[in-house]
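Here's what TrEMBL has on this protein:
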type	residues	note
DOMAIN	A:134-197	domain 'CBS'
DOMAIN	A:198-256	domain 'CBS'
TRANSMEM	A:282-300	transmembrane segment
TRANSMEM	A:306-326	transmembrane segment
TRANSMEM	A:356-376	transmembrane segment
TRANSMEM	A:382-408	transmembrane segment
TRANSMEM	A:420-443	transmembrane segment
2 protein chains.
Amino acid sequence: MDHQELALVLGNAIEQQDFDSALEQVKGMRPVDIADILAEISPALAWRLLDKIPDRAGIFSYLDIDVQMELAREYPRGNLARLIGEMPSDERADLYKQLDQEQKDALLPALAQAERENIRKLASYSEGTAGALMTSDYATLDGNMNVHEALAALRREAPDAETIYHAYVIDAQRKLVGVVSLRALILAAPGTLMHSLMISNPIHSQVNDDQEDVAKTIARYDLIALPIVDENGAIVGIVTHDDAMDVMSEEATDDFHKSGGVSTMIGNMKDVSIRVLYKKRVFWLVLLVFGNLFSGAGIAHFEDVIAANIVLVFFLPLLVDSGGNAGSQSATLMVRALATGEVVMRDWFSLLGREALVALCLGGTMAVAISLVGYWRGDTTVAIILAMSMMCVVLIGCVIGMSLPFILNKMGFDPASASAPLITSVCDASGVVIYLFIASQFLSLT
Amino acid sequence: MDHQELALVLGNAIEQQDFDSALEQVKGMRPVDIADILAEISPALAWRLLDKIPDRAGIFSYLDIDVQMELAREYPRGNLARLIGEMPSDERADLYKQLDQEQKDALLPALAQAERENIRKLASYSEGTAGALMTSDYATLDGNMNVHEALAALRREAPDAETIYHAYVIDAQRKLVGVVSLRALILAAPGTLMHSLMISNPIHSQVNDDQEDVAKTIARYDLIALPIVDENGAIVGIVTHDDAMDVMSEEATDDFHKSGGVSTMIGNMKDVSIRVLYKKRVFWLVLLVFGNLFSGAGIAHFEDVIAANIVLVFFLPLLVDSGGNAGSQSATLMVRALATGEVVMRDWFSLLGREALVALCLGGTMAVAISLVGYWRGDTTVAIILAMSMMCVVLIGCVIGMSLPFILNKMGFDPASASAPLITSVCDASGVVIYLFIASQFLSLT
């Protein structure tokens, strides 16, 4: 049976409250697949199954935080404390942060002293930092251990450590001095000391570093885990490759949404409420309504020219859109290049020159296309007006689209806020003015 | 010294051709950091340094493929063959694919028989599949080995395997029957057989599966490596977590670019040529010029109404943009939700209902905003026309924006092609018609 079939059989068994056969199914399944099924059934049924599975904490950790909260409300407090005690330290700190004060106060006394402190500590780091992402379940070694002793230590630490493939060598002050891979350990002679086997000065991040930088570091150095140190250089946690992958996906979604003019979205698109969707979207839309009044003002200024030459209106949306389209292309390229680190602030000037050349080529091509249409709908004058306007509009659109992400970055905003709607509105207003200005010059001559 | 300082010192040493001190610096540096510096200096200097470093193949593998090609041209063929022999199998197959026929013919005879076949085989999979992504440097075990024998086997395989943290248990036909983690191995009693220690029926992908699905599987199951099997279930390679991370980042960039109306971009934004940038962008822009003619046609149809009421032009860009903005927000949310797998095709109908409700709320808010401006610039009739148009334009924009990614997906295109420029143009044309139609109805009454 493949995993989808397993899931179906399990779902049916649970629905029919046939827990013996459900348990039989669970044996062949991965925790994340079991969690997906539990999220679909009632909390009471979910608990009846979970209570029978040895790795319930692992499965519970894979549930969305909302589902965890829902389940937590339906579970006797003593059992819940035991479950939370067994969860990976990073996942349980995330759950703890979501509990209200009353739940926290009820939960903490039921936990062991060490767990209590661990939760409080991990929950204290601000969202989006390495501290909030890391787990404290890592393996450490002493520099004076030999390979034989180190392997024995790792065997002891294995049940609680998220990974033992990298172990961190620390001194008496828990200062991070090196990293030893399990690969190196099993290849080395039994008597080799960790001090000589370890890689000194290992790649690490600070506890307050941005989670995006942490993920980039893990990707750059192909790490399984990245050690996180405090201001004294003492190791306080590790971020594992799978968490880094989740962060990269989240940050990409975040940038994608921002560039489409949606504020940061939290949660799954399928489950998000109408109220949240409205709230995340209305800001930009209303702002842009007022931003667009500048286009209107531009038009008002040239009302006489338009009234005398209604044919100009025919090309208005087209010209104005072209600038916005070219500009949002430029912005798209720059936003993503800044996000992946391909491009940095100091590249702005050299990129601007190239962008201007590309814009001239693009504008030239589009000018040819539109002047043909202009000649057909109007006359040579209209064709010339359109060609000239198109060149200017595309050039200015590209320069705006390329520069805005840099300017926003410089001002401390996320460059992804240079969204398509924003670029479009800014380019539209300049497009209207350029087009009608050029038109008024030519038409007053004739 | 931190890594940036190291990089500076190394760069200087190479420039001054002081290779002894350069080598001293290299000792403390990671391969990817060394590769970054080599990419900046002349091929001749790069080779003089590389030739002195034992892990030159590892460093060379971190270079961009363009830089690898440039270096390959400057290197004696025999040395190059030796270097390529030492490279990880996935990286060298990628390089091989880029060589021209003459280079390939010169290179192959210099390689050992096994390497030659390996390169040919790996290079034969189409781009974007698991086969093109995987490495053949994985570790295998026999089910009848005990722990002691398995550890000895892994020690032998370690120098050539990309990871030994997961080893794959195969039968006589190389069929994948299980996976054993090194963690389980070092925790188990020495006499335990692999058959009882392994996890049977491990998560795996097919050699022709899409690389995006491979990356998603690795992320979902938090894997260090995913085994890839052929049509007979025999293992042919593994994809490691770091390659999965690169794929996710690439695919996110790709979607991001498409949604901004740029065709798939290859390579680094800083290095890409004007010609490539022009080619990747001109298609959409010119297409949209002609698409926008529909807006123009709408305007032409209502020319009399406009001529009699020039005030309508004032609000034209605003109304038309609002539909496009709301629509591109919807498209943005859907494109990313489809990409991450949050939303699937069958969700379309239920999401449409919710989207319509959100659109009514958004449209209502914007209608209030614009009718105030309309009343100020015009009169009550204008205010009513604007409010009604805004509601319709936003509603239709959102429905188009939400549906287009699904329709494209259904038709076999990438949903990310529902780019902001495309949505904007489609919504613009409908916006023009809706606005001027409503206006003409009201104004003919008064």
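Glycine is treated like the rest: Cβ placed from N, Cα and C.
Automatic prediction, not curation, is the source of TrEMBL annotations.
Listed as Cβ neighbours of the transmembrane segment (A:382-408) (distance under 8 Å, sequence separation of 6 or more from its ends, same chain) are residues 311, 315, 319-320, 322-331, 333-335, 338, 345, 348, 351-352, 355-356, 358-360, 362-364, 366-368, 370-375, 414-418, 422-423, 426-427, 430-431, 434-435, 438-439, 442-443. Mean model confidence of the domain 'CBS' (A:134-197) amounts to 95 (pLDDT, 0 to 100 scale). When DSSP labels each residue, the domain 'CBS' (A:198-256) comes out as 26 helix, 17 strand, 16 coil, counted as helix, strand and coil in that order. Note on the domain 'CBS' (A:134-197): DSSP counts are 21 helix, 18 strand, 25 coil.
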